[in-house]
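One structure below.
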Amino acid sequence: MLTLLTSMYLVMRTVSSRAEPIRVLVTGAAGQIAYSLLYSIAKGDVFGKDQPIILILLDIPPMLPVLDGVVMELQDCALPILKEVIPTDKVEVAFKDIDAAILVGSMPRKEGMERKDLLKANVAIFKTQGAALDKYAKKTVKVLVVGNPANTNCLIASKSAPSIPKENFSCLTRLDHNRACSQVAMRCGVSSDQVKNVIIWGNHSSTQYPDVHHAKVNLQGAETEAYQAIKDDAWLRGDFISTVQQRGAAVIKARKLSSAMSAAKAICDHMRDIWFGTKEGEFVSMGVYASGNSYNIPEDLIYSFPVQIKNKTWKVVDGLPINDFSRAKMDATAAELVEERDTALDFLSQ
């Protein structure tokens, strides 16, 4: 019996080792978020411990010498599933036959820059990358936009890649989701895995709405509504929301650099959930197309909703009761996204 089990195990390992590598693109690959992200992808934290990976690293020409150093470090990690690393500054190389795209690179906002100037610069970037996805990537590619303004950049990329299903595009609000979970957990004196079903509604900006009206906290084995567990409505409707909304700015003020380690962790969480699905009875936050939602959010937006994922397909958790407080917050962040979208589409048509 033992011999039979051993033989079966060896066969399974052999089959696993013969799995076709997947091609994963990371843009802005010489930057600090990618530096925290690439090791986790290459050692199997995202797509599976037995899934061979080909990493394609895209950045602008001036960053290629830095990228060479990143490639050397990845090689020096001697990771068994990392089959190849391809550094490039050419979209036709970067986007060729990819299975997953993590679009981290974007134009950062510089001192004195108007928001519309930031949008204009990023429309040009994500129009180009969307067109490259359309021309070179697999039609099944899963695209995660991280570079800010993430929601609108994601919308532009999708509109520039009409042959790829809209459902294949999402933007990162998992960092905000994780921040909200952590704040609730610390307040309750539990670990963050004891908190579930917080929601980030809307834009990855200071108008986002972290909502715990549907969240649950596991207190000593008993699942409790977050409002009951915390017993401080003023905090939940005040400092909790503003802390999550302003967390990125607080990190920059303290570090003199934007979030990198936590952003990379959130990217891994987001992509792993797309690949393997969400846990039964749980939902996570993700910026996705607002079409057909039950929350009266304008349809032609990338808006953060609670989603459940199965078979690499997300579904908005519809029908949650929304009180007047939440309704106002959800509408405010939607209004900002509509304004961003309209400005970006003006640039896209030029």
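Each Cβ is built from the backbone N, Cα and C atoms, and glycine gets one as well.
Annotation comment: TrEMBL describes 1-19 as signal peptide.
Mean pLDDT of the predicted structure over the domain 'Lactate/malate dehydrogenase N-terminal' (23-169): 96. Look at TrEMBL and you will find 23-169 tagged as domain 'Lactate/malate dehydrogenase N-terminal'.
Around the Cβ of G147 (NAD(+) binding site), the number of neighbouring Cβ atoms within 10 Å comes to 25. Sequence annotations record features per position, and here TrEMBL assigns NAD(+) binding site to D59, N122, V146, G147, N148.
Counting every protein chain shown, the number of other Cβ atoms lying within 10 Å of the Cβ of R109 (substrate binding site) is 15. The substrate binding site annotation in TrEMBL covers R109, R115, N148, R179.
The domain 'Lactate/malate dehydrogenase C-terminal' feature in TrEMBL is assigned to 173-347.
For H204, the entry in TrEMBL reads active site, proton acceptor. Counting only residues at least six positions away in the same chain, the Cβ atoms of N148, P149, A150, N151, C171, L172, T173, L175, D176, G287, S304 sit under 8 Å from the Cβ of H204 (active site, proton acceptor).
Each residue of the domain 'Lactate/malate dehydrogenase N-terminal' (23-169) gets a DSSP state, and the totals for helix, strand and coil are 66 helix, 27 strand, 54 coil. Cα spacing between V146 (NAD(+) binding site) and R115 (substrate binding site): 17 Å, rounded to the nearest whole number.
Cβ neighbour count for V146 (NAD(+) binding site): 28 (other Cβ atoms within 10 Å of its Cβ, all protein chains included). Take R109, R115, N148, R179, the residues named in the record as contacts for substrate: the widest Cα to Cα gap among them comes to 25 Å. When Cβ neighbours within 10 Å are tallied across all protein chains shown, the highest count among the binding-site residues N122, N148 belongs to N122. Using Cα positions, the member of the binding-site residues D59, N122, G147 nearest to R179 (substrate binding site) is identified as G147. Taking the Cβ of D59 (NAD(+) binding site) as centre and 10 Å as the limit, one finds 23 other Cβ atoms among all the protein chains shown.
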